[in-house]
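Notes follow the structure.
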Amino acid sequence: MATGKIVQVIGAVVDVEFPQDAVPRVYEALEVQNGKEVLVLEVQQQLGGGIVRTIAMGSSDGLRRGLEVKDLEHPIEVPVGKATLGRIMNVLGQPVDMKGDIGEEERWAIHRAAPSYEELSSSQELLETGIKVIDLMCPFAKGGKVGLFGGAGVGKTVNMMELIRNIAIEHSGYSVFAGVGERTREGNDFYHEMTDSNVIDKVSLVYGQMNEPPGNRLRVALTGLTMAEKFRDEGRDVLLFVDNIYRYTLAGTEVSALLGRMPSAVGYQPTLAEEMGVLQERITSTKTGSITSVQAVYVPADDLTDPSPATTFAHLDATVVLSRQIASLGIYPAVDPLDSTSRQLDPLVVGQEHYDTARGVQSILQRYQELKDIIAILGMDELSEEDKLVVARARKIQRFLSQPFFVAEVFTGSPGKYVALKDTIRGFKGIMEGEYDHLPEQAFYMVGSIDEAVEKAKKL
């Protein structure tokens, strides 16, 4: 085991000098004793002259030149398998929940090759989420990739928590949750939410929070992914939740300049597309098992053309766009039904009835959008009878797209609802065909199925 010494420390980036004949390979892990702590470094570049440039997987406070560094001669390895379920780990797979050792039987390196073409499999099966707007407008494929796009505070994390809860309870599969650069408070809430709904023993949690150095945030997504790959290779259907994929990009940006790379557009790292591709290509389904991934994507300044969300779009099967305008109307989940898309919304996959209903809902909402200007200037009275009907139905549809969440019961005070896909289609079809024209639009707000709306109307 070769040893070297630290020659330079700049923030999270540490240069280490080794003997010329024992230079560590790129992505190998190094260890340095920093006071009482053992700090892990990951090799990023070989600079020549026996010097390697590394990223610290923890705080580099207290490091000094001349400290001895050991080459572990393998990449960072993390525990995988059933022992990780119900536990909270950091980027190195060390437990941070004060519950003792993980007790794993196997450790895997976090850097792995993506599955080959022969191993890949595609599936047309739908994954029912119980959330009306998602199941109807942008259905998820089992083994597909979903992005939740939204600016700050429109509900990405709450939507994700609801998805995990619904899928864990209704489908009883394993999930891996990678918290990448998010708030520690959310991580804590998330753990307690999972414990309260009794699904914690089906979820592995890996956290690299906002307050941690960029090295942790850059690699924690790979740690979570490696755990998910193990479950997949055992022949399971596993869910991988990443909150937030933008922070993964951001951590790369933070270390990119320190690693001596020229910045590209908007100051992002020049390797943005490649880093995203390396991660996304591993999140895939094979003939053995499937990984369905749901990724929250923060949209800086609500600008979907920013290089980071724009790069993410290319990898996804379904995009759920959360809109600030819809949130400001008090409609939650604040999913924009005209902006959200899914490759699965195809009559050959979802069936003709589902397809026609979804497209019908979109056309009514689109027409309402066009009429809004006329209403604002001239008022409702100037519209034709036909348009008045469209507006009335559109407003009912808009309210019916809202739904009380289980994970938000504490805030809303109303019990959560899981709505089966057939009930969702029946409800929206009925509204479009005019079966519920006699009901007031308030009856459709924050209910589950259409039957609840009818009941609510009797009380109004």
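Each Cβ is built from the backbone N, Cα and C atoms, and glycine gets one as well.
Straight from Swiss-Prot, the features:
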type    : residues                                                       : note
BINDING : Gly150, Gly151, Ala152, Gly153, Val154, Gly155, Lys156, Thr157 : ATP binding site
Near-site residues: ATP, ref Gly150, Gly151, Ala152, Gly153, Val154, Gly155, Lys156, Thr157, CB cutoff 8 A to centroid:
Tyr298, Leu322
Neighbour count (Cβ, 10 Å) for Lys156 (ATP binding site):
27
CB neighbours of Gly150 (ATP binding site) within 10 A?
26
Site with most surrounding Cβ atoms, counting all protein chains shown within 10 Å, from the binding-site residues Gly151, Gly153, Gly155:
Gly155
Counting only other Cβ atoms and using a 10 Å cut-off, which of the binding-site residues Ala152, Val154 scores lowest?
Ala152
Within its own chain, what residues at least 6 apart in sequence put their Cβ under 8 Å from the Cβ of Thr157 (ATP binding site), listed in sequence order?
Glu182, Glu186, Phe190, Asp243, Ala296
Does DSSP give Gly150 (ATP binding site) helix, strand or coil?
strand
